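Here is the structure we will look at, set down as structure tokens.
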Amino acid sequence: MSEPAPEVPEELFREVKYYAVGDIDPQVIQLLKAGKAKEVSYNALASHIISEDGDNPEVGEAREVFDLPVVKPSWVTLSVQCGALLPVNGFSPESCQIFFGLTACLSQVSSEDRSALWALVTFHGGSCQLNLNKKCTHLIVPEPKGEKYERAVKRTSIKIVTPDWVLDCVSEKRRKDEAFYHPRLIIYEEEEEEEEEGDNEEQDSQNEGSTEKSSVASSAVASPAEQPCSPKPRAEVSKGELMFDDSSDSSPEKQERSLNWAPAEAPPLNTAQRRLPQGKGPGLINLCANVPPVPGDILPPDMRGNLMAPGQNLQNSERSEILGTWSPAVRTLRNITNNADIQQINRPSNVAHILQSLSAPTKSLEQQVARGQQGHPNASAVLFGQAKGAPETHVLQQHHPPQQPQQQHPALHLQPQIMQLQQQQQQQQQQQQQPQPYPQPPSHQFPQQVHQHQFSQQQLQFPQQPLHPQQQLHRPQQQLQPFQQQHALQQQLHQLQQQQLQHHQLAQLQQQQQQQHNLLQQQQQQQQLQRLQQQQQMQNQAAHLSQASQALQHQVLPQQPLQLSLQPPPQQQQQQQLFGHDPAVEIPEESFLLGCVFAIADYPEQMSDKQLLATWKRIIQAHGGTVDPTFTSRCTHLLCASQVSSMYTQALRERKRCVTAHWLNTVLKKKKLMPPHRALHFPVAFPPGGKPCSQHIISVTGFVDNDRDDLKLMAYLAGAKYTGYLCRSNTVLICKEPSGLKYEKAKEWRIPCVNAQWLGDILLGNFEALRQVQYSRYTAFNMPDPFVPTPHLVLGLLDAWRTPVKVTAELLMGVRLPPKLKPNEVANIQPSSKRARIEDLPPPTKKLTPELTPLVLFTGFEPVQVQQYIKKLYILGGEVAECTKKCTHLIASKVTRTVKFLTAISVVKHIVTPDWLEECFKRQTFIDEQNYILRDAEAEVLFSFSLEESLKRAHVSPLFKTKYFYITPGICPSLATMKAIVECAGGKVLAKQPSFRKLMEHKQNKSLSEIILISCENDLHLCREYFARGIDVHNAEFVLTGVLTQTLDYESYKFN
């Protein structure tokens, strides 16, 4: 930053169009301008949003609405230092990041581990430093010792954690409690090394300092592969960060997507190898640069000194040579290659190991062995503590049970890499041993070691060729002088430990390959096992339902395996066996509910409108059905919303047909009694008011008309929020086809895309589907009808439909078939409303001037009545208004909250009753309106207003004059309706969501118009930043009731 302008490469930011939010350092702006960046005045036009304040609403708008990258100013400065545009990942200023606000001091960790930890913390919003001062919030230290540790203990403001706290936080995507990661809680296992400790005390004390620097003191730090490098060399981290982001989520769906990223990481591996010194692969570099790490939780510090002391001087020259030629850029490339392993700790082992084997099959011993130690501490203790063949094999078998026989061809391409790695390690050992020939240890150890190599390789199916160079390596040493045996014993112990580490690594790689094949076979067999999985899921979830529903499930489920095994296509056969009425009996279309006796449950408690329930009864009776006030044995149908009730259990036990009001609506439309065939036709499997999807915000794409309405209702019944739009806050997108803009955006934003069957299964009791959005049955979009319920979930409900509804002869005789009409009679019978519309209106008897001509609208009347009024209006010389804004008179019989009424109240001169028009027609002239003003005492008491006073206020000044409104898109009534009401009242509706800065600017400057925010329950996720800033957001009643009463009520309708 001291010389910003000259340092900026020419046209570095030529493609950058930036929009700055908040106060940005002027030097950063100068860097951007020097690199030919362009500043835009509106965030939607920008390619990058630059801000230090991640909670600013403008930042949220850019991210949610325009999907723009938001970066901190440090992205600019580091891009200049690197001479290239850095990827935007890792530079987010948002406060939702795991380590936001954290300042960590790193102590007593190796340089590579420090780089990895530094990258993890800064990538997730924190900052790191090497000095312990007042700014520090955390001290990351592997062991409870050292000067920084002693000082941090005395400060309550500094939390002390081990490095694995960072890894676990990143793995679980949340900041975990630091108390469980204090270094004092580390437990060391010393049983395996007690004998060697006494022999090497003196040498351990000499190497203690170097041990702290070169070893990894915490097992979790060495567990994952190398993380992205320290912040400075970030120019080559783009692909690594992409993999990092993709693998940072532990959800099953994103684990599967990680497989797609893995092949893209192969080229960086080759690049890294090309840039290494000749003759040295990644494994060789790590062996020379660092002694293989020993986890702090397994071995005590003195034991680690023993393990690293032999041969240490031999490695110094090699290490300095390698470190001199191995640049940070090379390490960065290697870390990019290994990035797939970041945060794999808590994942299923098969997925994690597949990623590891695909992305970096030839990783260093340091990384691979350490990762194995994370999962198998006992095995590590045995491997490091003693050079025995049988115990090692036993431990491997214990922790890695035999896998099923798999195809061998994917493993073949890995074996040459393993052999190459072995040969490189053997060459290194030869280089170390030849300058100082030490005597051979006692002969009984070497045959034992050979046996170990052979047994392990046979067990793991690895080629035994690399064994021979090792045998040749040891034979010349057998002729050395006896006085060097003690020193050689230590050196040989070190070699054996490295060999054991090597074979442990090979075992890990082989296990990864086997697990990869297992996962692939599971995916291939998934479709064949779908029905069996569904049965098991149904049995598991039966335990979570209520007692009544549980009893039902136990009655239905025992028959499922037999039916599914005996009937391969159950859905087709069931469809053939289900009946409404007997096909042999002719039922009149108008009486298609003949023989059906309904009892109604659940709905009376849920419906506030009792008139609607009475309407149902009237409609059922009009089509030949009967409604009983209680459930009796003569009932044939139970109309219910939920499976969790005693009435439902009784009805199912008596083989009654249990259906919903939605089914009734469907058969009324089709005029035919038919079995239920959609998920909405069946009662839901949870109690009324239950909300299994309460955490979901659902959007749909590809569905129109009735199908879209059905999905809205299904989402409502499941307790989910529904949005007609798609934003990053949505949790699920329900697709008809895998195409369209919403689908593409959902894939880009990693929003699960499922079919409609997913939601139907949840309604019918398969709550496991909530965690199975990635299952193939829910991601298949070529289904003929995605609303058809899963057969095994409705077996018991369909059982009653296997016999037809009985219709007695008396019932049929009581129904008179309507006489067939002649064609000319059919033509003459037309609805009166249509007849009125096509008739020519009589010419007006009087011609009035435009100023005196009433422009009238009608609301709250039947169409036939409206046509009669229009005829009289035309005779008198009046006209029907083209739109509300031009209307002078609104004719209504009562106060109604229709669009016409709520828009007209702000602009019309008079709201009158139909009596005014009738009286005008009698007198054949328009008379004074004062005696015919609409008065509705009931509505005025209900809404606590006076219609006459409201009209007077509207005439004085429009209610929303000089006011701006931002209305969220999911508002009900629709956005178009709300906009019409607001604009008629003098307000204006903003098309774009206003930023916090704009809101405050309008609030503080009295000369600017006020901005009012209107939203609804389903859109509250769009207003999170407003709530965080204490800005009021109101519901639709602020507008609807406001225009009716012509008042502004800022308190009654705001969200808390």
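Cβ atoms are placed via backbone N, Cα and C, with glycine included.
Given the structure is predicted, the values throughout are model-derived calculations rather than measurements.
Lifted from Swiss-Prot, the feature list:
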type     : residues : note
COMPBIAS : 188-205  : compositional bias 'Acidic residues'
COMPBIAS : 214-223  : compositional bias 'Low complexity'
MOD_RES  : Ser223   : phosphoserine
MOD_RES  : Ser230   : phosphoserine
COMPBIAS : 396-412  : compositional bias 'Low complexity'
COMPBIAS : 419-435  : compositional bias 'Low complexity'
COMPBIAS : 445-486  : compositional bias 'Low complexity'
DOMAIN   : 588-681  : domain 'BRCT 3'
DOMAIN   : 688-776  : domain 'BRCT 4'
DOMAIN   : 955-989  : domain 'BRCT 6'
Per-residue pLDDT averaged over the domain 'BRCT 4' (688-776), given as an integer: 92
Structural state census, the domain 'BRCT 6' (955-989) (DSSP three-state): 12 helix, 7 strand, 16 coil
Structural state census, the domain 'BRCT 4' (688-776) (DSSP three-state): 35 helix, 13 strand, 41 coil
Residues in the domain 'BRCT 3' (588-681) grouped by DSSP into helix, strand and remaining coil: 41 helix, 14 strand, 39 coil
